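According to Swiss-Prot, the features are:
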MOD_RES   T2  N-acetylthreonine
TRANSMEM  41-61  transmembrane segment
BINDING   H118  chlorophyll a ChlzD2 binding site
TRANSMEM  125-141  transmembrane segment
BINDING   Q130, N143  pheophytin a binding site
TRANSMEM  153-166  transmembrane segment
BINDING   H198  chlorophyll a PD2 binding site
TRANSMEM  208-228  transmembrane segment
BINDING   H215, F262  plastoquinone binding site
BINDING   H215, H269  Fe cation binding site
TRANSMEM  279-295  transmembrane segment
Amino acid sequence: MTIAIGSTYQEKRTWFDDADDWLRQDRFVFVGWSGLLLFPCAYFALGGWFTGTTFVTSWYTHGLATSYLEGCNFLTAAVSTPANSMAHSLLFLWGPEAQGDFTRWCQLGGLWTFVALHGSFGLIGFMLRQFEIARSVNLRPYNAIAFSAPIAVFVSVFLIYPLGQSGWFFAPSFGVAAIFRFILFFQGFHNWTLNPFHMMGVAGVLGAALLCAIHGATVENTLFEDGDGANTFRAFNPTQAEETYSMVTANRFWSQIFGVAFSNKRWLHFFMLLVPVTGLWMSAIGVVGLALNLRAYDFVSQEIRAAEDPEFETFYTKNILLNEGIRAWMAAQDQPHERLVFPEEVLPRGNAL
């Protein structure tokens, strides 16, 4: 048997190894494998949105002016959804609708599908970026897991909901006032505010804001700095690197306030992670239900009684009336291509039915 002394086995490097080294090397802005998805998609999504809000009209899809060029401002400009007749077409520039004509593609609403799809994959790339960097510095992946919540909301609202409806037309347009209109649409056609999944989402977001405020205030309240001086205001020095707040003092404070308090930082911060993420995921699940036109909390008995007894009215029946008004006014305004004409007898009256 022959033994080679002084030689070591070295695996042959491939192009993949070279690419891996370049993508993951330490630089000011980390690229990584996730960057191959994140950076192009984010660039195209933002570029498409800025292009649409600056130059592109929605006259051919919604009968609206939605660009700076037409006189809109930041709050009223938008990249609008495609025409209802486009259904669920991906509206590729080279597809049968636009046939390579960029102007026609913009007129049909192609920029909306462009922004929505690149935006979705850009968000997913950002989550993968958090996984990748956490892996490289030996951290747990909770940041990426938390970021799955806003991704779930984006995908459910902008993609899954219109997929359950007749077309992309019923998704939100990408603009501030456009999102407000979509919220009113959700209320009028789905009674969204009374949906338990929406309630859980509100509880999660507002509860997280409350937890964030309480946590920040408590840490500031219990800051200390080593020393014998009576004046502890120096503890607010923002450049001090060490952890300088007292968990014991915070625990005692909230035990006196509420009677209960978090006993360790791990459970406290996990709870601060759990509340908003769970809330956003629940709201995303609720929107998936709306995509299928599922309804929740229709108190029909109150509606029937309100119809029979003009003196009986609840906040629920008043809201049902408001929803009817939203539908009656919005449907004709929002879907002019349907040429809807509502006779007087179907417009909202003075009771729930």
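Any Cβ shown, glycine's included, is placed from N, Cα and C.
Since the structure is predicted, the reported quantities are computational estimates derived from the model, not experimental observations.
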Sparsest Cβ surroundings (other CB atoms within 10 Å) among the binding-site residues H118, H198, H269 = H269
Including all protein chains displayed, how many Cβ atoms other than that of F262 (plastoquinone binding site) lie within 10 Å of its Cβ?
-> 19
For H215 (plastoquinone binding site), list the number of other Cβ atoms lying within 10 Å of its Cβ atom.
-> 16
Those binding-site residues of H118, Q130, N143, H198, H215 having Cα within 10 angstroms of H269 (Fe cation binding site) = H215
Which residues, given as numbers and ranges, are at least 6 beyond the ends of the transmembrane segment (153-166) yet have a Cβ under 8 Å from it?
-> 81, 84, 87-88, 116, 119-120, 123, 172, 280, 283-285, 287-288, 290-293
Greatest C-beta neighbour count within 10 angstroms, which of the binding-site residues Q130, N143 = Q130
Who are the chain neighbours of the transmembrane segment (41-61) in space, where the CB to CB distance is under 8 Å and they lie at least 6 residues beyond its ends?
-> 67-70, 72, 77-83, 106-109, 111-112, 114-115, 118-119, 121-122, 125-126, 169, 173-175
From the binding-site residues Q130, H198, H215, pick the residue whose C-alpha lies nearest to the C-alpha of H118 (chlorophyll a ChlzD2 binding site).
-> Q130
Q130 (pheophytin a binding site) and the residue listed as 'chlorophyll a PD2 binding site', distance between Cα atoms, whole Å = 28
